[in-house]
Structure formats: structure tokens, C-alpha cells
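Enquirer: Sharing a structure here in C-alpha cells format.
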């Protein structure tokens, strides 16, 4: 039996090499990403012989949802099974956004962020992260990354034109899979598709300095987030072994070269761990480290998980840490850990075995 190819792996120009004329490719894109077609036979504006040809050569179901859990805060965690049987997790984070209309009335509407995985597992080995416990199985293809977003939008009846944010902060190190992640960014940005601007896509990294520079040279227009979590190399190496390859100085040099929109900032994720990196002396060092960088710091309180070595700090200590940064002119927020009760928060995702 002929093996079908995942059509979500293709940019329009690549699909155009296989399907003529080009306007048919645009129609296919619209059916998949905007009309949420379930199969090729649904694509009624295409000639019957083309629909048959597509069905004989392609599929667009690279992920299958085998389980989902909803948090009391509205977050939904999805367990997806890939074609080869491996599993990944993704999270939908709904939030309310309030605006003032022309008449001065306060109106609110739903705003969505989707946290996607870029690998099955991860090889970075961060001591505080559950994903790292199982090691790296393989990279996801661009279509498998896109497939997570498409499935979640379809399942939740989110119109294709509704603006959403994408964060590459699920399982895996995105820059360890830069080729496929960058391609996913381009596919998601297509006007005939989901039309998710790169400015609404944030790529997070544990600090692969070489790949940060490569990403910057691509000029994709994406936002960058650095998982920092420590202010000196000794502690960071203890928490994040990747620091042996790319130390803090190398990371900061790469960040300074990274092209960023004038209205945006490089995001620095800082996981506060009780008694480890949450002292005020650490906050003072962080201020020095970020000097001269257009930065925003996201403070995250450690999220407990099975077999975890660390403890969650008190909110009081986190606020003191935040206040010191803010008073020194560093833009800083304490990030709400959504999905904590369903193990969907930062550091809690993993490849769930098939016992479910």
C-alpha cells in the first residue's frame, strides 16, 4: 500500500511543484486551514479528479487526539498520538481580553494562546523539567507542529481569522529542530492558511547561542524567549546541563544580535525555585545581566511534578523579587501558571505512555 504524505508539511510553493495550476493550491490551503475540511472529498470547489489524486497521495491528519483534560481555569491539555505511535502534549490557554469601545463601554472577548511541542521528548536535560526525564525520541516535522494547532482550532470552533498566539514552549527544544520549526512558522503565516503573523509566534530556547544567531539571520519576525533560570554559570549548569555548551555570556551575545521589532522585547523566562535561585541577590545580578538589553522578564513559580527535586517558592518572595527588578527599570511580570491542576503548566509536559 502506498504511503501517504502529510500535506501539512508543504508550503504553497512546494505544493505548487506537484499540483497545477497554482490557484488550485490556494484553494486547497483555504479548504484545509480556513474551512476546516475533514477530508479531500469535502473540497467541493476542486475538480473530482484532483480530489481523487489528492486522496491517493496525501493525508492531513498527522496527529490524533487520544485524551484531553480541562483545568478549572479553562486551560485544556491535549495528548496527541503521531502516525508512528509516539505521543506529544499541547495546551490551549484561553484568556479574557478587555477593551474600551468607541462609546466608552468595557467589552471582553476570548483570546487564545496555543502552546505546541516541537520534539517528542527533549535532550536538554533540565533538572526541573518533566519532559527531559524521558530523553529525546525524535524531531517533529513542520506538519506535525502545524497539525497540533489546526486540530485544536477545529476542535474548539475557533474561526481561522481569530487572532491567536503561538508559543513554542511545549515538549522539546525548538532550536534543536530549527529547520522544521522555522518552516512551521512560515506555513502558519500564509494568508491563504491560518494567517498567524510571525509577530504572534514566540520561539523559546534553553539558550542554543549558535541557533539563536541562525534564527536571527532568517529574519522571520518571530519573538524570542530565553529560558534563563539562573544568573551565574555554576548554578545554571547545575539546573541546565546545556549551559556547558553555551554559557550565559554566549547566550547574551547572541541575544544582542537578534533582530527584534522596536515595539517588542526579548522575553527572559526565570523559574523561581525555593532556596535555589529566588534570593534578592539573584535579582540584583539579573538586573546587571540584562543591562543594555530590551528585555521583559517572566517570573514563573516552580510547578511541582512527579519525581521533582525542588519546591515552589512563596508568592511573597516572588513579589519581592519582582519589585526589585521593577524598581531597577526591568519590565517584569509574575506569570500565572495556567493548567497546574492537570499537569499542563511549564515543565510538566511529557510523552505519556499508551496506558491511557
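Using the three backbone atoms N, Cα and C, a Cβ is placed for every residue, glycine included.
Features from Swiss-Prot:
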| type | residues | note |
| --- | --- | --- |
| ACT_SITE | 89 | active site, proton acceptor |
| ACT_SITE | 346 | active site, S-methylcysteine intermediate |
| BINDING | 122, 126, 129 | [4Fe-4S] cluster binding site |
| BINDING | 172, 173, 204, 227, 228, 229, 303 | S-adenosyl-L-methionine binding site |
| DISULFID | 115-346 | disulfide bond |
| DOMAIN | 108-341 | domain 'Radical SAM core' |
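Help me picture where these features are in the structure shown.
Expert: The secondary structure of residue 122 ([4Fe-4S] cluster binding site), as reduced to three states from DSSP, is coil rather than helix or strand. Using a 10 Å radius centred on the Cβ of residue 122 ([4Fe-4S] cluster binding site) and all shown protein chains, the other Cβ atoms total 27.
Summarising the environment of residue 227 (S-adenosyl-L-methionine binding site), the number of other Cβ atoms within 10 Å of its Cβ, over all protein chains shown, is 26.
In the three-state DSSP scheme, residue 115 (disulfide bond) is classed as strand.
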Enquirer: Between 129, 228, which of the binding-site residues has the fewest other CB atoms within 10 angstroms in the structure shown?
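Expert: Selected from the binding-site residues 129, 228 on minimum Cβ neighbours within 10 Å: 129.
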Enquirer: Looking only at C-alpha atoms, tell me how far residue 126 ([4Fe-4S] cluster binding site) is from residue 89 (active site, proton acceptor), rounded to the nearest Å.
Expert: 18
Enquirer: Give me the CA-CA distance between residue 129 ([4Fe-4S] cluster binding site) and residue 303 (S-adenosyl-L-methionine binding site), in Å, as a whole number.
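Expert: Distance (Cα to Cα, whole Å): 9 Å.
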Enquirer: Just checking: which of 89, 115, 122 have a Cα that is within 10 Å of the Cα of residue 303 (S-adenosyl-L-methionine binding site), counting only these recorded positions?
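Expert: Cα within 10 Å of residue 303 (S-adenosyl-L-methionine binding site): none.
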